[in-house]
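Per Swiss-Prot, these features apply:
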type	residues	note
ACT_SITE	Glu132	active site, proton donor
BINDING	Cys12, Cys103, Cys202	[4Fe-4S] cluster binding site
BINDING	His44, His81, His130, Ser230, Asn232, Ser273	isopentenyl diphosphate binding site
BINDING	His44, His81, His130, Ser230, Asn232, Ser273	dimethylallyl diphosphate binding site
BINDING	His44, His81, His130, Thr174, Ser230, Asn232, Ser273	(2E)-4-hydroxy-3-methylbut-2-enyl diphosphate binding site
Amino acid sequence: MVVKRAEVLGYCSGVRRAVDTVLKLAKENTENKSGLYTFGPLIHNPSTMLRLKQMGVRTIDTENFTEDEDYKDSVIVIRAHGIPPSKKSELEKSGAKVIDATCSRVKASQALAKKHSEEAFVILAGDKNHGELISIAGYAEGKCLIVQNAEEAALIDLPSSLSANGSAVLIAQTTIKESEYEAIASALKKRISDLKVFNTICPATSDRQAALKKLAYEVDALLVIGGKNSANTKRLFQTAVDTKKPAWLIEDASEIPKEIFSYSVIGLTAGASTPDFIIDEVEKKLLEG
């Protein structure tokens, strides 16, 4: 068997920075003198989350958190997805030291939403339940709606201000597929005369998808490695399926399907929240047969 890796795969810079930040803090906190928390799951990867838990890192339930809780002398890390400004204020009031590991690209989208909500309506494209979009929406201060696909963009009720020739801006979830975003923008342009579209898709997403498409020409089957709850991994897997090559989505080496061993050349790619050691383990197990 031959195993070929996509030219671009695994951790993106934003996720790597967030993980490295927490790992460094955990190593400095070996005597557990103060609590170390992440506000919500740091990344959508079960293996990494288990490793962090074993190092004493705890996860705060974002939905049930209140500023009344006492986190004095603790450290709370904001994950790469970011959080709304109101939540950040609550964290600071809890007495904890707050470390912001929000991805720089998400911060840029937050700034766009804040700036343009003063004069226009903000429309976000992507998963309405995703932490990133929830964080960005918080900066639009109520002048915002989220559309998840082109069909929704064509039918969703728009505020009266837009019906009266008002202006709007469109901001994408950083992990959305370019084709999905273009379709949403096209549908909205037919309904909003003054719509400014910002390209806020992270190159890490499109780079992984492009590398996967290129890899598909060189292999017999594809394995996509990543958390099944990860938005970018699910989109990467859909790209693999679209190549028409046999494709599987796995979280780690234990999930490698038996069927894969009937193929001679296997292509490997991984989502932006998949650590290097998991990719290495999958490749090793494939080569061992």
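Glycine too: its Cβ is placed from the backbone N, Cα and C atoms.
Feature map: annotations from Swiss-Prot on the structure.
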residue: Cys12; record: [4Fe-4S] cluster binding site; DSSP class: coil
residue: His44; record: isopentenyl diphosphate binding site; DSSP class: coil
residue: His81; record: isopentenyl diphosphate binding site; DSSP class: coil
residue: His130; record: isopentenyl diphosphate binding site; DSSP class: coil
residue: Thr174; record: (2E)-4-hydroxy-3-methylbut-2-enyl diphosphate binding site; DSSP class: coil
residue: Cys202; record: [4Fe-4S] cluster binding site; DSSP class: coil
residue: Ser230; record: isopentenyl diphosphate binding site; DSSP class: coil
residue: Ser273; record: isopentenyl diphosphate binding site; DSSP class: coil
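The (2E)-4-hydroxy-3-methylbut-2-enyl diphosphate-binding residues named in the record, His44, His81, His130, Thr174, Ser230, Asn232, Ser273, extend over a maximum Cα to Cα distance of 15 Å. Taking only the Cα positions, the spacing between Cys103 ([4Fe-4S] cluster binding site) and His44 (isopentenyl diphosphate binding site) is 15 angstrom. Neighbouring residues of the recorded [4Fe-4S] cluster site, listed in sequence order and excluding Cys12, Cys103, Cys202, comprise Ser13, Gly14, Val15, Ala80, Ser104, Arg105, Val106, Thr174, Thr175, Ala204, Thr205, Ala272 (Cβ within 8 Å of the Cβ centroid).
Cβ atoms within 8 Å of the centroid of the Cβ atoms of His44, His81, His130, Thr174, Ser230, Asn232, Ser273 (the (2E)-4-hydroxy-3-methylbut-2-enyl diphosphate site) belong to the same-chain residues Val15, Ile43, Ala80, Gly131, Glu132, Thr175, Ala231, Thr233, Gly271, Ala272, site residues excluded. Put simply, Glu132 is the one of the recorded positions Cys12, Glu132, Thr174, Cys202 whose Cα lies nearest to the Cα of His81 (isopentenyl diphosphate binding site). Using a 10 Å Cα-Cα cut-off around Cys202 ([4Fe-4S] cluster binding site), the recorded positions His44, Glu132, Thr174, Ser230, Ser273 reduce to Thr174. In sequence order, the recorded positions near Cys12 ([4Fe-4S] cluster binding site) (Cα within 10 Å of its Cα) are Ser273, drawn from His44, His130, Glu132, Thr174, Ser230, Ser273.
Listed in sequence order, Cys103, Arg105, Val106, Ser109, Glu132, Thr200, Ile201, Cys202, Thr205 are the same-chain residues at least 6 apart in sequence whose CB falls under 8 Å from the CB of Thr174 ((2E)-4-hydroxy-3-methylbut-2-enyl diphosphate binding site). Sequence-distant contacts of Asn232 (isopentenyl diphosphate binding site), defined by Cβ-Cβ distance under 8 angstroms and a gap of at least six in the same chain, are Thr175, Thr205, Arg208, Gly226, Gly271, Ala272, Ser273. In the shown protein chains, 19 other C-beta atoms lie within 10 A of the C-beta of His130 (isopentenyl diphosphate binding site).
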